[in-house]
Amino acid sequence: MAGSHPYFNLPDFTQPSPPSTPPSLPSHQRCRPSDATKGLLVALLGGGLPAGFVGPFSRMAYQASHLPSLELLICRCLFHLPIALLLKLRGDPLLGPPDVRARACLHALLNVLSIGCAYSAVQVVPAGNAATVRKGSSTVCSALLALCLESQGLSGYDWCGLLGSTLGLIIIVGPGLGTLQEGTTGLYTALGYVLAFLGGLALSLGLLVYRSLDFPSCLPTVAFLFGLVGLVGSVPGLFVLQTPVLPNDPLSWSCVGAVGILALVSFVCVSYAVTKAHPALVCAVLHSEVVVALMLQYYVLYETVAPSDIMGAGVVLGSIAIITAQNLSCEREGQVEE
């Protein structure tokens, strides 16, 4: 019979087929990350990790050639100016549409103030501690501002991760705040912590302003405006408040170039992430910068890292894992409900 021939051994279509998976739950979509998770991953890998190198490299440049903070800010702003070529090629206005131009410039000004405070703080305070205070204040301020101005709520797991990351920062910086020296040295150290706090406050305000911007080429426009506003404000301030220094060693130039490139990458990634996730969660994930800065502080700058720093860094990493896992699980539950 033809059916017994090996080439005609076809499956019997008269038998019932096994039950198939419902079309609403394809296997390749069950664990697809949500937009919030994508934003948090971008903030972690592209925002927090590169930014962790900026503080130690800035301190190395200052120790090598006493490079002023405003001069370092000017060098960083120069890396943002070539973005104008991209805007010109796309035919977009350099300063953004007229109706949102004021807010875009305000966002740039707030970021310049935040970075300027951070660079000034890192010259008198250990890089890890300065990053800790700045990120901690930005997280708390972002949560409060988002609740007050945007009425955005957070889930219980998000609050747990947010409070845990803040607790980790307190563990890191608390012992140092309790042992400030008296006299001029203690005054400069306290001023450095105040500048780091103000830098975090300005960063949280800048993130909220950026979330209100919605126009084509928003990201390259605000990146260019950061460089433009930073140059306009920093160049006069450098000659009035500080003394310009021309580095003459390769180490200083290497640190300046690394700061400019890494800071630009971090700026772009954080600006993208804040449009996908809650600003407070983005700031909490950016606490990874503190962990990287502490590692470089110990292995590169040979500065002391206390046991409390290690304990606080572990708490921060655990909190980041909670926040990321919660957003991923919410997307999985949404797929099941559908």
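First residue shown is number 1, and so on along the chain.
Glycine is treated like the rest: Cβ placed from N, Cα and C.
Per TrEMBL, these features apply:
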- 16-25: compositional bias 'Pro residues' (COMPBIAS)
- 40-173: domain 'EamA' (DOMAIN)
- 191-324: domain 'EamA' (DOMAIN)
- 11-30: region 'Disordered' (REGION)
- 39-57: transmembrane segment (TRANSMEM)
- 159-178: transmembrane segment (TRANSMEM)
- 190-210: transmembrane segment (TRANSMEM)
- 222-245: transmembrane segment (TRANSMEM)
- 251-274: transmembrane segment (TRANSMEM)
- 281-300: transmembrane segment (TRANSMEM)
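As a summary of secondary structure, the domain 'EamA' (40-173) carries 110 helix, 0 strand, 24 coil according to DSSP. In terms of DSSP helix, strand and coil, the domain 'EamA' (191-324) has 106 helix, 0 strand, 28 coil.
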